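Read through the structure below, which is laid out as structure tokens, and then see the notes.
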Amino acid sequence: MKAGRVRWIVRCDFAEKVKQALATAPVCRARQAPERRIFPQKGTIRVQKRNIYILYALALLQGMVFYGPVATLYRQAQGVTIFQITLIESVSYLLCILLEVPWGVVADRIGYKKTMVICAWLYFLSKIIFWQASGFGGFLAERVLLSVVVTGLSGVDTSILYLCAGPDHSQRVFGIYNSLGMAGLLTASAVFTFFVGDNYRLAALLTVLSYGAAAILCLGLTEVRPADSQRARREPFVTTLRTTLAVPGLLGFLVAVGLLTETHQTVTVFLNQLQYERCGMGSAAIGGVYIAATLLGLCGVWSARLTGKTGTRGAAVLFCAVPALACALLASTDRALLSVGGIWLLRLSDTLFQPFQVRLQNEQVRTDNRATALSIHAMVLDVVAILTNLSFGALAERDLRLAFGFGVGICAAALALLLRWQRLRTRAMNG
């Protein structure tokens with residue numbers, strides 16, 4: 001027998017003995033890293049899917065705001081001026097700033113399910129107050145309670161979806177989640193247009209019933225905190241704050257998101273109805289246009305596909321240029337068709353932008369205290385919202401075209417901030 005073959009046989013025999021020894025050796029459990037489990041319960045996949053589907057249903061039900069097509073006109077019918085409306089919004093955002101971080105800490109302590117349940121029932125109560133409001137004080141009280149709800153939910157619903165769906169599928173899930181909210185709003189808008197008409201109180205009552213159903217459904221959620229979250233909860237808030245704000249370019253990114261979001265929110269919820277009246281459109285026409293705009297809100301399911309093709313930089317340019325163009329169009333015309341087109345452009349852009357920016361926010365969380373970190377994000381967004389709302393309201397009181405011109409300017413500022421954020425992020429990833 002050749003020497004080479006002898007060495008090969010000896011080597012194989014030695015390998016086989018080593019394999020047998022390893023197979024029979026006792027396992028040292030103390031040296032194994034503890035398994036990090038998202039769900040302490042069995043049947044993880046089933047629980048994940050159930051939570052996602054429940055949140056989908058909540059988005060649908062809480063999207064059913066039957067007075068949505070005439071939200072501004074509803075308040076004006078109760079004696080509230082447009083400046084008072086924007087003032088109420090600003091007070092609401094100020095409260096959000098004060099409550100964001102405390103709510104985030106509470107959510108990380110008591111769990112995401114309990115936070116969702118508490119906020120869902122408070123949401124239900126706020127709609128009852130809105131239904132019965134008859135002046136500035138009533139609508140202010142409704143908005144104060146709504147601030148408590150919004151800050152409580154801030155980052156909690158998206159955290160549940162992110163943990164259940166995972167990073168690779170989160171933007172698609174966020175897109176479906178947002179689209180179902182729009183589907184609920186579409187259903188409510190159709191009911192308003194064809195059955196409710198000018199009966200604003202009935203529209204508010206139907207909204208109360210929808211939110212009551214959502215509060216009951218919320219009880220079926222399952223907790224999704226990591227099983228070892230006791231360690232995470234002991235992290236001091238100062239540490240969480242420092243870790244969150246240390247993410248390269250995050251502050252500029254959040255300011256840009258706030259500018260784009262509030263441009264859409266203010267123009268498509270409040271100023272659009274004033275623009276429609278300026279163009280001579282009636283209530284029925286406004287309701288029909290609102291339904292069509294809501295249909296565009298269903299396009300969020302294609303957000304992940306679009307941004308996958310354009311890339312982050314291309315998406316940033318697109319999501320800033322389109323709303324700037326829409327605001328410029330609204331500022332330069334008093335024709336109904338062009339005005340409707342401008343509003344639709346804003347709606348479509350925001351629908352595709354929101355799942356994109358929510359995914360990016362979650363990807364930039366660097367701490368286990370996810371709700372607290374996202375509350376810090378939301379606090380920055382609230383500061384931006386206060387400043388933009390007051391500016392939009394004051395300019396609209398003077399001339400509606402000035403408000404739309406302001407929208408063009410802040411969209412341009414958002415683009416500059418997003419491009420700078422991307423450069424800093426790329427440099428940090430490469431360096």
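Along the chain as shown, the residues are counted starting at 1.
Note that Cβ sites are derived from N, Cα and C of the backbone, with glycine treated the same way.
Predicted automatically and left uncurated, TrEMBL annotations should be read as such.
Sequence annotations record features per position, and here TrEMBL assigns transmembrane segment to 52-70 (among others). Among residues of the same chain six or more beyond the transmembrane segment (52-70), those with a C-beta under 8 A of the stretch's C-beta atoms are 120, 123, 157, 160-161, 164-165, 173, 176-178, 180-185, 187-189, 191-193, 196, 200, 202-204, 206-207, 210-211, 213-214, 217-218, 220-221, 273, 283, 286-287, 290-291.
Long-range contacts of the transmembrane segment (82-103) within the same chain: residues 72, 75-76, 115, 136, 139-140, 143-144, 146-148, 150-152, 154, 237, 266, 270, 274, 371-372, 375-376, 378-379, 382-383, 385-386, 389-390, 392-394, 396-397, each at least 6 residues beyond the stretch ends and with a Cβ under 8 Å from a Cβ of the stretch. The annotation transmembrane segment is assigned in TrEMBL to 82-103 (among others).
What TrEMBL records for 115-133 (among others) is transmembrane segment.
Annotation source TrEMBL lists transmembrane segment at 145-164 (among others).
Within its own chain, the transmembrane segment (176-196) has Cβ neighbours under 8 Å at 55-57, 59-70, 157, 161, 202-203, 206-207, 210, 284, 287-288, 290-291, 294-301, 351, 354-355, counting only residues six or more beyond its boundaries. Here TrEMBL flags 176-196 (among others) as transmembrane segment.
Long-range Cβ contacts of the transmembrane segment (202-222) within its own chain (Cβ-Cβ under 8 Å, at least 6 residues beyond either end) map to 39, 41, 47, 50-51, 54-55, 57-58, 61-62, 64-67, 70, 74, 112-113, 116-117, 120-121, 123-124, 127-128, 130-131, 160, 184, 188, 191-192, 196. For 202-222 (among others), the entry in TrEMBL reads transmembrane segment.
Look at TrEMBL and you will find 243-261 (among others) tagged as transmembrane segment.
The transmembrane segment annotation in TrEMBL covers 281-302 (among others). Beyond its flanks by at least six residues, the transmembrane segment (281-302) meets 68-70, 73, 172, 174-176, 178-179, 181-183, 185-186, 189-190, 192-193, 197-198, 268, 273, 336, 340, 343-344, 347-348, 351-352, 354-355 of its own chain at Cβ-Cβ distances under 8 Å.
Nonlocal intrachain contacts for the transmembrane segment (374-396), taken as residues 6+ away from its ends with a CB within less than 8 angstroms of a stretch CB, comprise 82-83, 85-87, 89-90, 93-94, 96-97, 100-101, 103-105, 107, 151, 154-155, 158-159, 240-241, 244-245, 250-251, 254-255, 257-259, 261-263, 265-267, 270-271, 274, 361-362, 365, 402-403, 405-407, 410. Sequence annotations record features per position, and here TrEMBL assigns transmembrane segment to 374-396 (among others).
Annotated transmembrane segment per TrEMBL: 402-421 (among others), in sequence order. Long-range Cβ contacts of the transmembrane segment (402-421) within its own chain (Cβ-Cβ under 8 Å, at least 6 residues beyond either end) map to 249-250, 252-253, 255-257, 259-260, 262-263, 266-267, 271, 313, 316-317, 320-321, 323-324, 327-328, 330-331, 388, 391-392, 395-396.
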Do any residues of this chain, six or more beyond the ends of the transmembrane segment (243-261), have a C-beta under 8 angstroms from a C-beta of it, and if so which?
319-320, 323, 350, 353-354, 357, 360-361, 364-367, 373, 376-377, 380-381, 383-385, 388, 410-411, 413-415, 417-418, 420-425, 427-428
Can you name the far-off residues of the same chain, 6+ from the ends of the transmembrane segment (115-133), with a Cβ under 8 Å from a Cβ of it?
58, 62, 78, 103, 106-107, 139, 141-142, 145-146, 148-149, 152-153, 156-157, 160, 201, 204-205, 207-208, 211-212, 214-215, 218-219, 221, 371
